[in-house]
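This report concerns only the one structure given below.
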Amino acid sequence: MDITREAGALIMEIYRSDFEVRGKEDASPVTEADERAERLILERLKALQPHIPVVSEEAAAAGYVPEMGQRFWLVDPLDGTKEFINRNGEFTVNIALIEDGCPVLGVVFAPALDRMYAGSLEQGAWLEVGGKREAIVCRSIPAEGLDVVASRSHGDADALDAFLNGRLVRSLKSAGSSLKICLVAEGEADLYPRLGRTMEWDIAAGHAVLVAAGGQIHTLAGEVLRYGKQDLSNPHFYACSQHFC
């Protein structure tokens, strides 16, 4: 958690400045904040656990992906770069530990909102705001219908409508980055369908928090989402409380 806070403080320094936005080979945006936060996190994780490989977004974009093995870290130093650029505060630092394809530990920190989510199989899930920590759990689905959360920057309205067809939906809200998964984990939403492209580092930390809170992420085929795939990409999926899944 200290690592994510340190990275978050660095990101906020740049957030308050007149930063430059560049494009990566896949046309997605990148900033100094992505790169500097990743360097800091990699240094800290290697000092903490030198024998556990680290798979991180910017290094992977540059062509470097270590042999993952049974245990490895998945890092997104700045999830929600578009939210960062738009200065809406809905971006996060994501760090997850993967064991045998499953996320067993995850931390998601939204520095602009001062919201830290964390979870592990042993200790459960919690949210820390303003130095105060409280346990979080997924809720039962309201009788009035599902509260659904969707991507703020990567929407596909037709696909979402098709997925939700036939389900009783009470509300549909938008959020950025891994905060969508965390909203399900803390009982503020019931379902997050993602029907577009994502990478493993985008969601692993939030997935760990969600599992610790009593939820899960499934592929559209109903299988539990796993990590360590060769191309590090995710199939379409939905994050939900155990009451929905």
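Cβ atoms are placed via backbone N, Cα and C, with glycine included.
TrEMBL labels come from automatic prediction, so no person has curated them.
Between the candidates ASP202, ASP231, TrEMBL assigns the Mg(2+) 2 site shared with ASP76, ASP79 to ASP202. Of the listed candidates (GLU57, GLU58, GLU99), TrEMBL assigns GLU57 to the same Mg(2+) 1 site as ASP76, LEU78, ASP79, ASP202. Other C-beta atoms found within 10 angstroms of the C-beta of ASP202 (substrate binding site) number 24, with every protein chain shown included.
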